[in-house]
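Structure first, commentary second.
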Protein chains: 4
Amino acid sequence: MSKNIKKIGVLTSGGDAPGMNAAIRAVVRTCAYHNIECIGIYRGYQGMIEGDFKEMGPRSVNNIVNKGGTILKSARSKEFMTKEGREKAYQNLVSAGVNALVVIGGDGSFTGAEIFNEEYGFSVMGIPGTIDNDIYGTSHTLGFDTALNTVVECIDKIRDTASSHNRLFFVEVMGRDAGHIALNAGIGAGAEEILIPEEDLGLERLLESLQRSKASGKSSSIVVVAEGEKMGKNVFQLKDYIEEHLPEYDIRVSVLGHMQRGGAPSCFDRVLASRLGVKAVESLIEGKTNFMVGLIADKIVLTPLEQAIKGNSDIDRELLRVSEIMST
Amino acid sequence: MSKNIKKIGVLTSGGDAPGMNAAIRAVVRTCAYHNIECIGIYRGYQGMIEGDFKEMGPRSVNNIVNKGGTILKSARSKEFMTKEGREKAYQNLVSAGVNALVVIGGDGSFTGAEIFNEEYGFSVMGIPGTIDNDIYGTSHTLGFDTALNTVVECIDKIRDTASSHNRLFFVEVMGRDAGHIALNAGIGAGAEEILIPEEDLGLERLLESLQRSKASGKSSSIVVVAEGEKMGKNVFQLKDYIEEHLPEYDIRVSVLGHMQRGGAPSCFDRVLASRLGVKAVESLIEGKTNFMVGLIADKIVLTPLEQAIKGNSDIDRELLRVSEIMST
Amino acid sequence: MSKNIKKIGVLTSGGDAPGMNAAIRAVVRTCAYHNIECIGIYRGYQGMIEGDFKEMGPRSVNNIVNKGGTILKSARSKEFMTKEGREKAYQNLVSAGVNALVVIGGDGSFTGAEIFNEEYGFSVMGIPGTIDNDIYGTSHTLGFDTALNTVVECIDKIRDTASSHNRLFFVEVMGRDAGHIALNAGIGAGAEEILIPEEDLGLERLLESLQRSKASGKSSSIVVVAEGEKMGKNVFQLKDYIEEHLPEYDIRVSVLGHMQRGGAPSCFDRVLASRLGVKAVESLIEGKTNFMVGLIADKIVLTPLEQAIKGNSDIDRELLRVSEIMST
Amino acid sequence: MSKNIKKIGVLTSGGDAPGMNAAIRAVVRTCAYHNIECIGIYRGYQGMIEGDFKEMGPRSVNNIVNKGGTILKSARSKEFMTKEGREKAYQNLVSAGVNALVVIGGDGSFTGAEIFNEEYGFSVMGIPGTIDNDIYGTSHTLGFDTALNTVVECIDKIRDTASSHNRLFFVEVMGRDAGHIALNAGIGAGAEEILIPEEDLGLERLLESLQRSKASGKSSSIVVVAEGEKMGKNVFQLKDYIEEHLPEYDIRVSVLGHMQRGGAPSCFDRVLASRLGVKAVESLIEGKTNFMVGLIADKIVLTPLEQAIKGNSDIDRELLRVSEIMST
């Protein structure tokens, strides 16, 4: 029941995430499986405007399932926010014979896809790719699981030195608007306290918690802080504040930074990417458009792009409670 | 509404799995959180018979959330299969004041717990810990996710040498009765073919598939084989068979073996272990008994032990299809 | 020809480093091999002053060869810098029957050992343990090789995201006084430029180099910066400077921080630790004192502590040249 | 004093090893640095015979410093062992304007280079690349350090399960003729016993050693076995023998296999590859031929190919002694 899908373009947009390459591979091979042509679009929407395309067959994506980053590169495009930019992009796609698009990225990337669909009636399908896991309509975004493993491995190393010196560490992890990385990796790394944007613990209670932790016989402590945490202080100011009030603590700060975005994807992310890629292409073939493919309750399902963009990806209250009990 | 739960014993039994230590820690700390005493029982049911117990407080489980193996050790116990063995075990628990049990292990371990509950009315709760993911009532057993990462990392390395030499590798992974590891890790590692006990591909079709793979321009190939695969040939015999029929292939075999059971748990397994440990203890406190705690559709739920033991953990047909498409 | 060495104390002091545990294990087991008693001294010189000792036999050090950090903990001790502190420490050792000391640490730790030897004629032997590799008398300090692997693994991840976005990254690594980590890891990670304290490249030449790199067709770049780099600007100021002068670059900063000190030691560091531990104990038994054991031209040799403290660990000019050629 | 070196060909031959790509990169960039042309020769000597060449510039080797395997692929060539094969190869090189060769590989590869030099007076330079470290004239071959880390990481995982179950494991590692991997990784992994081709421990003494180990209180044991070990029994037969004589042991076997050849190279191997690549090209430019570049006492030096081929790479007796003391 193909709705005339002849050639699919695939692009990655926004911050890169491990698993994007596995998703590109899945899109390309699912196209080949269904005898549909496929082109890769370089540097996201900007490459679409510049016609930076490449034909892709099943052998073009050999040996990338395990590579971090994105072979199609990613970029933010101001030009695509203009009507003129989108018109150029559209003409390029038409010239290349492309009549459907798979966009791998986050909220912003989906917004671009939605507008493009609205303006040109172009078939679009989104695959959620961002380490932050802040997208509605999927329990896991591509790269989230890998980033969690990267973070716990880093904190395991920091724990070695923290416990050798009886120190307190503030470890800042990514998550500008969402505390998913901090909450999960904090539990996974055995953090004594976790500070996330969704929950304002308050400086008073942080102080109390650290005092209680020390009193309970813990000789070293790790506090995981989401970068978007809202206590009004950045992680270095937090350190200063605690140092002033708990002078017995020898405190250090570690900002994990961009390495959280890289690395070979975990098996989970590779399998998820493969499933999402298959579903995205087959949904387009079935004539669907303007959806995001996602994982809900272990099943691959479709969510309207609009909902995916507007909806919130709430943190799990159960995890907050588990975190509290674990820091006993 | 505590049903008189005063002291909980925790043990690990059967094959060890990454995340068992994180689960022990969660049980111990949840007990402390609720002011319930906790003892660790060494070497599974055998230690229960021998009274090999140790009081455990929140500081006994510092720095183990990230450790593979099990600090409580594991063992198989023939003596516990006898009425006399179980009687000894029961008397030891009574003497120690223990009146509830958390058993971390697989099918066999749960069967022991169920019988013990039946005979003595002892409160028992199971936590699924095995890398094989072959337990009904949970989408993920403890250790499964970590084992998948271990396997794909190994195959990534094998892929380096396979593609440098244009070779075909048969890689045997664990999974005596279930192909979960092979299927997921096979997709994750980009295997050209996956052989699992649940699906008898047949030697003919394997041959065809490998010929097609070569014809499609792939210069190296990985075939992932579950150890319990049922084609009537072990992995070395498979190699011989293919070598005979496809002499153009330079074939090697790699049996990944026991390293799949070890290593630091992934973040997923650490978080899952923490959630399961909390739920196990709190369910006992609420007066429940004879259940396994598990993960279904991202939620922690209870399944009667009997069902967990008898039910099958079927492989996901969607994954088989994804695997087929990916090997295009 | 034992000079009455009956009981050896071992301690770790200063910043911790991977391989310290492997060295403790080697000291303890070499003592056992030669039927000499051994005690572990906790928290470095401070524990010596407080009498924080523990008898150690070969089984006390099971399963630590692969653990980061130090089971004996480390600390800096102001009290040991006083005559009174050292007198207390001496009395504690005498009471415990200890008559020789193995000190695992860096320059500062060795200085303490030397003074202690001078004042009390106490037999002391140093083992160089610090990730910075800044000690004269050994080509490799314990932890250096592991830290290099940690750094290149981190930069590999950063490279994924750098090349996906065509970005320039400044990556700050440890090395307050010495550029060994930056120089080796920079070459290993394929950095386009390496800034170390021993070589003042100058801002002008850095600019030129980055311009040349871009002109040569490199789409992303990594500049590795030793924390002690002397250009008068910290890594964030460097970023600002380059951004101002090369606005076409999208620049990010990553400070790797304390994770560089932790983690399971590399095989190299474990073997080196074992060799150094054996040599340290056997040298004490042979009546030697006031030396550091080290690796020179693949052999374990002794260097007088005084020289080890005062000498410089120069960077290898050949590596500077290799680095320059590699960034062609 | 360039001897007319205008264009250098580089190839990888024999078993692949981590660091080969870093060496290719170093050769290519050193050529570019000196304004010499460079071509890559695919599949070793076979590709030389088939004229499977590719021009390589500095950008051809972007982002490979950290990749396992070899982008130039490797193969064994029977045809190159014939006069006709070598004649074809020579004509191809002449046609392509190549007048010097860098061969990255082991003994066999160097023998081919030497004959080629003898017959055609062709300038050749060898870079030792093999995980086995069995080449005279270098303390470390490319890939050896990486393989050691791979092996100790695997055994660390096996140790988790061994100590959870109080088991004895025989772990077979690579090294057909040389015990370097087994000896170093055995010490690094804390093996209780190490069996290598260079030392016939004898079955009697192995039995005694394992009994002593058990008596000393060790609850689990790892025996590392080099694949070329000469006790007349393979690792599975060893298991059977020990099981028969020490029935109290629960024994398992793990053959690590080909994953030892793959993976991202360690920092050590990347730096070594860079240094060797620079020296190989610059030595050719200086008019030298028929040498292998290697690392001796931390310096890059030349050894005549003939010596490199014929000489033995003896194991370090000191390490044997360290191993014995460590298993106390």
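Glycine too: its Cβ is placed from the backbone N, Cα and C atoms.
As annotated by TrEMBL, active site, proton acceptor applies to B:Asp132. The ATP binding site annotation in TrEMBL covers B:Gly15, B:Arg76, B:Ser77, B:Gly106, B:Asp107, B:Gly108, B:Ser109. Residues annotated as ADP binding site in TrEMBL: B:Arg25, B:Ala26, B:Val27, B:Val28, B:Arg29, B:Arg159, B:Gly190, B:Ala191, B:Glu192, B:Lys218, B:Ser219, B:Ser220. The Mg(2+) binding site annotation in TrEMBL covers B:Asp107. According to TrEMBL, the substrate binding site annotation covers B:Thr130, B:Ile131, B:Asp132, B:Arg167, B:Met174, B:Gly175, B:Arg176, B:Glu227, B:Arg252, B:His258, B:Met259, B:Gln260, B:Arg261. Taken from TrEMBL, the feature domain 'Phosphofructokinase' applies to B:7-283.
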Nearest-integer angstrom distance between the alpha carbons (Cα) of B:Arg29 (ADP binding site) and B:Arg261 (substrate binding site): 25
Those binding-site residues, out of B:Gly15, B:Val27, B:Asp107, that come within 10 angstroms of B:Arg261 (substrate binding site) at the Cα: B:Gly15
Residues from B:Asp107, B:Gly190, B:Glu192, B:Arg252, B:Met259, B:Arg261 facing chain D - binding-site residues, CB under 8 A: B:Arg252, B:Met259, B:Arg261
CB within-chain contacts under 8 A for B:Gly190 (ADP binding site), separation at least 6: B:Arg159, B:Ile222, B:Met326
Between B:Arg176 (substrate binding site) and B:Asp132 (active site, proton acceptor), the C-alpha gap once rounded to whole angstrom: 8
Surrounding CB atoms that lie within 10 Å of the CB of B:Arg29 (ADP binding site), all protein chains: 25
10 Å Cα neighbourhood of B:Met174 (substrate binding site): matching recorded positions from B:Val27, B:Arg76, B:Ser77, B:Gly108, B:Asp132, B:Ser219: B:Asp132
Remaining residues near the recorded ATP site, that is with C-beta within 8 Å of the centroid of the site residues B:Gly15, B:Arg76, B:Ser77, B:Gly106, B:Asp107, B:Gly108, B:Ser109: B:Ser13, B:Gly14, B:Gly44, B:Gly105, B:Gly112
Least surrounded among the binding-site residues, given as B:Arg76, B:Arg176, B:Arg252, B:Arg261, when other CB atoms within 10 Å are counted: B:Arg176
Of B:Arg25, B:Arg76, B:Ser77, B:Gly106, B:Gly108, B:Arg252, i.e. the binding-site residues, those within 10 Å of B:Asp132 (active site, proton acceptor) when Cα atoms are compared: B:Gly106
Arithmetic mean of per-residue pLDDT over the domain 'Phosphofructokinase' (B:7-283): 95
Nearest recorded site to B:Met259 (substrate binding site) by CA-CA distance, among binding-site residues B:Gly15, B:Arg25, B:Gly108: B:Gly15
Site with most surrounding Cβ atoms, counting all protein chains shown within 10 Å, from the binding-site residues B:Val27, B:Met174: B:Val27
B:Asp107 (ATP binding site): tally of other CB atoms within 10 A of its CB: 21
Integer Å distance between the CA atoms belonging to B:Ser219 (ADP binding site) and B:Gly106 (ATP binding site): 40
Candidates B:Asp107, B:Ser109, B:Thr130, B:Arg252 (binding-site residues) - the one closest to B:Arg25 (ADP binding site) by CA: B:Thr130
B:Asp107 (ATP binding site): nearby binding-site residues from B:Thr130, B:Glu192, B:Ser219, B:Arg252, Cα cut-off 10 Å: B:Thr130
Residue pair B:Ser219 (ADP binding site), B:Arg76 (ATP binding site) - Cα distance, angstrom, rounded: 45
Inter-residue Cα distance where the pair is B:Thr130 (substrate binding site) and B:Glu192 (ADP binding site), in Å: 27
